[in-house]
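Enquirer: So TrEMBL has the following annotated:
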type: BINDING; residues: GLU65, ASP90, ASP117, ASP140; note: S-adenosyl-L-methionine binding site
type: BINDING; residues: LYS144, ASP176, THR211, LYS212, PHE213, GLU214; note: substrate binding site
Amino acid sequence: MTPTDQVSRKRSIVSFVHRGGRMTVGQDRAWQRSWPRLGKQVPELPPGPLDTDSWFGREAPLLLEIGSGMGETTSLLAQAEPGTNYLAIDVYQPGLAQLILRAEAMGLTNLRMLRGDAVVLLGAHTAPGSLSAVRLFFPDPWPKKKHHKRRLVQPDFVALLASRLAPGGTVHMATDWAEYADQMLEVLSGQPLLRNRFDGWAPRPDWRPVTKFESRAQEEGRISRDLIFERVND
Ligand SMILES: C[S@@+](CC[C@H](N)C(=O)[O-])C[C@H]1O[C@@H](n2cnc3c(N)ncnc32)[C@H](O)[C@@H]1O
């Protein structure tokens, strides 16, 4: 059984993976104009690891952001880190189209996008030890107990993710759901290939942009927690 199969067996097959959503006219135009250059569909990738150096046109540390949403944080961080090959993945087409619009407006050259399931990308198209960093900011919290199995952060997913990090590479997660944050801390702490860089929660890095989404959560009394773990040597 492949690592992807192992993770998928635990997660129920949920419709969000095929999430479509209606694009605005502007997003649709951006998609038609720039998706062939900036993006790829995960189900259409050839078997084996994706050759990101060729795609980005240079060799540089490869950073993966899982669940880029509407791309607010993604575009700002890609702009702030021109030395990284910044790869964003999401299943949500209007969000990726919005990210294209942001990337065009900001003139970003170090950003590429994938549409599809991050588990498939990591399991089938990411070489072990190839990622310098993984970011997972505000993943869907699935707050109802009966839906917790749909959460991305589970032991098998974190084992897969850790195996794809280079030694010294980091995984940075953030969530505004206290109980999901506890789950993340427990799962990350239980993965032998990872070491917490901090004693429990990481201080909120000032370079992580405060999005509208996070501001609203704060107003509603949900405080964000960050976790930063590092890949150790085998
Ligand atoms: C709550 S949103 C957060 C978006 C963004 N990170 C932010 O902070 O605003 C979670 C995002 O993760 C995406 N997502 C959920 N499961 C995914 C998966 N298995 N692979 C890729 N993206 C996924 C969703 O489509 C959604 O855009």
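Here the Cβ of each residue, glycine as well, is placed from N, Cα and C on the backbone.
I'm curious about the neighbourhood of these features; can you describe it?
Expert: Annotation note: ASP90 (S-adenosyl-L-methionine binding site) sits in a strand segment as assigned by DSSP.
Counting only residues at least six positions away in the same chain, no Cβ atom sits under 8 Å from the Cβ of LYS144 (substrate binding site).
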Enquirer: Starting from the Cβ of THR211 (substrate binding site), draw a 10 Å sphere and report how many other Cβ atoms land inside it.
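Expert: If we count other Cβ atoms within 10 Å of THR211 (substrate binding site), we arrive at 16.
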Enquirer: Which of the listed binding-site residues (ASP117, ASP140, ASP176, GLU214) has the least company, meaning the fewest other Cβ atoms within 10 Å of its Cβ?
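Expert: Across ASP117, ASP140, ASP176, GLU214, these binding-site residues, the one with fewest Cβ atoms within 10 Å is ASP140.
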Enquirer: Among LYS144, ASP176, THR211, LYS212, PHE213, GLU214, recorded substrate binders, what is the largest CA to CA distance in Å?
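Expert: This binding site's residues have a maximal Cα-Cα distance of 24 Å.
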Enquirer: Fill in the CA-CA distance, PHE213 (substrate binding site) to ASP140 (S-adenosyl-L-methionine binding site), as an integer in Å.
Expert: 12
Enquirer: Please report how many Å separate the Cα atom of ASP90 (S-adenosyl-L-methionine binding site) from that of THR211 (substrate binding site), as a whole number.
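Expert: So the alpha carbons of ASP90 (S-adenosyl-L-methionine binding site) and THR211 (substrate binding site) sit roughly 17 Å from each other.
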